[in-house]
Every structure is written in structure tokens, then in C-alpha cells.
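TrEMBL annotations:
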{"type": "COMPBIAS", "residues": "30-45", "note": "compositional bias 'Basic and acidic residues'"}
{"type": "COMPBIAS", "residues": "52-61", "note": "compositional bias 'Basic and acidic residues'"}
{"type": "COMPBIAS", "residues": "85-97", "note": "compositional bias 'Basic and acidic residues'"}
{"type": "COMPBIAS", "residues": "104-116", "note": "compositional bias 'Basic residues'"}
{"type": "REGION", "residues": "30-61", "note": "region 'Disordered'"}
{"type": "REGION", "residues": "73-116", "note": "region 'Disordered'"}
């Protein structure tokens, strides 16, 4: 289900795509009108196709960005700031170890609580 913000963003991106395609078509007509050879007309047509493809690519990139923004908004906000670091992987820390400071078969140090 799309959110209203995502729908509006997608519609704006689609309108932008149509404007860019319209510009490309107009520029092609102008270039073809001023072209004197068949190769120049073909070049103008290929430029139009490239501009249309670029406009479509930008539309899809914008849609991906809108979906990512929607997903980012759905992340649980209550976890941030309470000791949960969702982007941190403790297994990547090389300087810290989970091994006890004593041999695992020995008794832990007394810390001065017991006197023998």
C-alpha cells in the first residue's frame, strides 16, 4: 500500500518525466528543422531517444528514493537512544574481547571481598 506522500512524490516525478520528454521532442523538431543532411536528422533523433531514456531512468531513481524514505519512516524510533545501535555490529570491533581476564577453568578473582 502506498502512502499519500509517496503517491504525490511519484506523481510529481512522473510529471517531471513527461516535461523532460516533451522538451526532448521539441528539441528534436528544432534540430531536424535546422539539419541539412540525413545524418544530422538521425543524430537529432538519437539525442531525443537518449534524453527520453534519461528521463525514464530519473523517474525510476526517484521512485526508489521515495520507497526508501517510506521504509526509513517505518523503522522503530523507540529503539534509538536507548542503548540500541541498529547500525553497529559489535563483532567488527577488534580491540574488544568477550573473553574473561582469567583462565576459564580457574576461579574468578576475588576482588578483595574474601580474605583467606
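Cβ from N, Cα, C; glycine included.
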Non-local residues, at least 6 beyond the ends, that sit with Cβ under 8 Å of the compositional bias 'Basic and acidic residues' (52-61): 13-14, 16-17, 20-21, 24
Helix-strand-coil residue split for the compositional bias 'Basic and acidic residues' (30-45), DSSP-based: 13 helix, 0 strand, 3 coil
Composition by DSSP (helix, strand, coil) of residues within the compositional bias 'Basic and acidic residues' (52-61): 10 helix, 0 strand, 0 coil
